[in-house]
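Read through the structure below, which is laid out as structure tokens, and then see the notes.
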Amino acid sequence: MGCEVSKLCAFCCVSDPEGSNHGVTGLDEDRRGEGNDLPQFREFSIETLRNATSGFATENIVSEHGEKAPNVVYKGKLDNQRRIAVKRFNRKAWPDSRQFLEEAKAVGQLRNYRMANLLGCCYEGEERLLVAEFMPNETLAKHLFHWESQPMKWAMRLRVALHIAQALEYCTGKGRALYHDLNAYRVLFDDDSNPRLSCFGLMKNSRDGKSYSTNLAFTPPEYLRTGRVTPESVMYSYGTLLLDLLSGKHIPPSHALDLIRDRNIQMLIDSCLEGQFSSDDGTELIRLASRCLQYEPRERPNPKSLVTAMIPLQKDLETPSHQLMGIPSSASTTPLSPLGEACLRTDLTAIHEILEKLSYKDDEGAATELSFQMWTNQMQDSLNFKKKGDVAFRHKEFANAIDCYSQFIEGGTMVSPTVYARRSLCYLMNEMPQEALNDAMQAQVISPAWHIASYLQAVALSALGQENEAHAALKDGSMLESKRNRL
């Protein structure tokens, strides 16, 4: 093992009430990260969020259990290309819209780079939604329990523990010490693979709902007695998170404590960590987890002492998180495909050639049409308009193609992302970038994971002078194309 088991076994569960008063933290030097570049909390319309998530498309669901979950989280993109995560609550979760808004506003005042911050909310009719920063690199649960390419390294696990402790200290200092159901699914990884704490846990899943949705084996003992979550309950949950990091498994605290008391440490530590840490470091992390899991809430540490304890344990401080995780950095330059290169250069002629060669191959499974019984002369006329549009598109008669494609779309008998993409390019050829952007966004509504829709948005945004947004859209297109090619 990476730590000497004989020395670790000499450790038994020790309470350290004095430790909760340790003072030095790493947060003071981190004030630069209080989210000053983020927009202020705002209220969104349901229409805006519906458009951002392509009509709450199932392809955009990023939460555990998919559509079966009582509260579903979607990824989305606003008109300004900012990527967002949208949590849509069960319709009966928050009947009092005023109470929901007050809670959301309070959480929305928090801004810290250790968190996936809350950007806004929506409370139209029975709809209750939260809007947060989108974190593209999955959850801690994914990287710990369901890893594919490599297990998480010891140095990265320590970094996760520190960052989450710092996030909890920040929230506590801002008067939001209660965090509901802290677990590995609440820890997210940003563009640079740095771990962040989801803001969603700062609000209950409903006005009167439970604070813990996980198995009762992981629930703080006082919550089982009283049904109330306290700041000390959050520390208990942090202890279960440390167990996850130590073991690489979601191990019940009672079982972990039994292993520690029996000095059977080898059964607790993830075998993937062999050779990565010292006996002293392993002992210290187990000691810290045991303190967090004390039965008596008053014997648990507070967030400040967690930060103090975690700072000396940090390893490979100069190594970026994305390197430790084996994930490409957001700043790294991924080679663009020929289409991506053409969009980067705004080479409309090259884009036209690629779309012409592609034809309607990407419409498979995305385009919809009426049933056989609904075939009518009207539909045949509509299809004829599409064919005429295709001929005009092939011969670079772009104004004519716009007219034909528009009549096809207005016919309403079939929905085709490729038609919208082709008309978008025609608008660009005719120096109508706003119309081109609208069509590219509509193509993405129909086919949320289609890279060409993002690429065309990038070209249109560049033509509109929105270079930052264009860069973000180009990056999204490249990521979607890479993901598609891996399938």
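One-based numbering along the chain as shown.
Placement of Cβ uses the backbone N, Cα and C atoms for every residue, glycine included.
For reference, Swiss-Prot has these:
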type: ACT_SITE; residues: Asp181; note: active site, proton acceptor
type: BINDING; residues: His65, Gly66, Glu67, Lys68, Ala69, Pro70, Asn71, Val72, Val73, Lys87; note: ATP binding site
type: DOMAIN; residues: 59-325; note: domain 'Protein kinase'
type: LIPID; residues: Gly2; note: N-myristoyl glycine
Surrounding CB atoms that lie within 10 Å of the CB of the residue listed as 'active site, proton acceptor', all protein chains: 20
Between the residue listed as 'active site, proton acceptor' and His65 (ATP binding site): CA-CA distance (Å): 16
Distance [Cα-Cα, Å, rounded] between Glu67 (ATP binding site) and Asp181 (active site, proton acceptor): 20
Same chain, 6+ residues apart, C-beta under 8 Å of the C-beta of Val73 (ATP binding site), given in sequence order: Ile61, Val62, Ser63, Ala85, Val86, Lys87, Arg88, Phe200
Additional residues surrounding ATP, by Cβ distance to the His65, Gly66, Glu67, Lys68, Ala69, Pro70, Asn71, Val72, Val73, Lys87 centre under 8 Å: Ile61, Ser63, Glu64, Arg88
For Glu67 (ATP binding site), the three-state class that DSSP assigns: helix
PLDDT averaged over the residues of the domain 'Protein kinase' (59-325): 92
CB within-chain contacts under 8 A for Ala69 (ATP binding site), separation at least 6: Ser63
